[in-house]
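Heads up, the thing below is written out as structure tokens.
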Amino acid sequence: MTDLSDIRREYAKGGLRRADLPQNPMDLFALWMTQARDAELSDPTAMCVATVDEQGQPFQRIVLLKRFDDTGFVFFTNLGSRKAQQIAANNKVSLHFPWHPLERQVSVLGEAQALSTTEVLKYFMTRPKDSQIAAWVSQQSSKLSARQVLEGKFFEMKAKFAKGDVPLPSFWGGYLVRPKSIEFWQGGEHRLHDRFIYTLDNTQWIIDRLAP
């Protein structure tokens, strides 16, 4: 077994205090997202989306956040993907934003709700054309005999859609994750990290400090 126990560092970029927290967690999330973007972090919108299968086995993957507001967090995916199939059976999911250079993490528990075709199309039309074509090509999570199969399909579809707009695939969609709880983690000195969790109680957010 490889021993990694000596890899550590102190966290000293700042603290998080109850008096500084807004009542709405999405306001704090918006601030932290802005600061992550201003710091020019690589992929600040990247989040880990966790789902479970029918046996309770968890699965995780990195997905890009595309929109957020007071209602929740939006991402898009192939509806035939493993994540979409698992959401169809159990829409309870978790999201995790790892902003390591800022010594911050945000963890979200919530329920995924399918977006309307109108909402999906609105976003789909903003994607670069090659990305739109790629959505037609990949049967996400299916097995491939070789990469050349995928590339061949891509160039075939690229020729097919050379003129005009690329239509929205019926098997491509998106989700709004409505949060039930949001935890904010700020690294602290001597491993005394600051953790605050917002928990939704009907229409009110309850704020609690958690031990690190």
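Note that Cβ sites are derived from N, Cα and C of the backbone, with glycine treated the same way.
What Swiss-Prot records for Arg8, Arg9, Glu10, Tyr11, Lys66, Tyr123, Arg127, Ser131, Arg191, Leu192, His193 is substrate binding site. Annotation source Swiss-Prot lists FMN binding site at 61-66, 76-77, 82-83, Gln105, 140-141, Trp185, Arg195.
Overlay of Swiss-Prot annotations on the structure.
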residue: Arg8; record: substrate binding site; Cβ contacts under 8 Å, 6 or more apart: none
residue: Glu10; record: substrate binding site; Cβ contacts under 8 Å, 6 or more apart: Glu189, His190
residue: Arg61; record: FMN binding site; Cβ contacts under 8 Å, 6 or more apart: Cys48, Val49, Lys83
residue: Val63; record: FMN binding site; Cβ contacts under 8 Å, 6 or more apart: Ala46, Met47, Cys48, Val49, Phe75, Thr77, Lys83
residue: Phe76; record: FMN binding site; Cβ contacts under 8 Å, 6 or more apart: Lys66, Val120, Tyr123, Phe124, Trp172, Gly173, Gly174, Tyr175
residue: Gln105; record: FMN binding site; Cβ contacts under 8 Å, 6 or more apart: His96, Phe97, Pro98, Trp99, Glu183, Phe184, Trp185
residue: Arg191; record: substrate binding site; Cβ contacts under 8 Å, 6 or more apart: Tyr11, Pro212
residue: His193; record: substrate binding site; Cβ contacts under 8 Å, 6 or more apart: Tyr11, Trp185, Gln186, Gly187, Pro212
residue: Arg195; record: FMN binding site; Cβ contacts under 8 Å, 6 or more apart: Glu183, Phe184, Trp185, Gln186, Arg209, Leu210, Ala211, Pro212
Reduced DSSP assignment, Arg82 (FMN binding site): helix
DSSP-derived structure type at Lys66 (substrate binding site), helix or strand or else coil: coil
Distance from Arg127 (substrate binding site) back to Arg82 (FMN binding site), taken between C-alpha atoms, in Å: 22
For Arg191 (substrate binding site), the three-state class that DSSP assigns: helix
Protein Cβ atoms within 10 Å of Arg82 (FMN binding site), excluding its own: 16
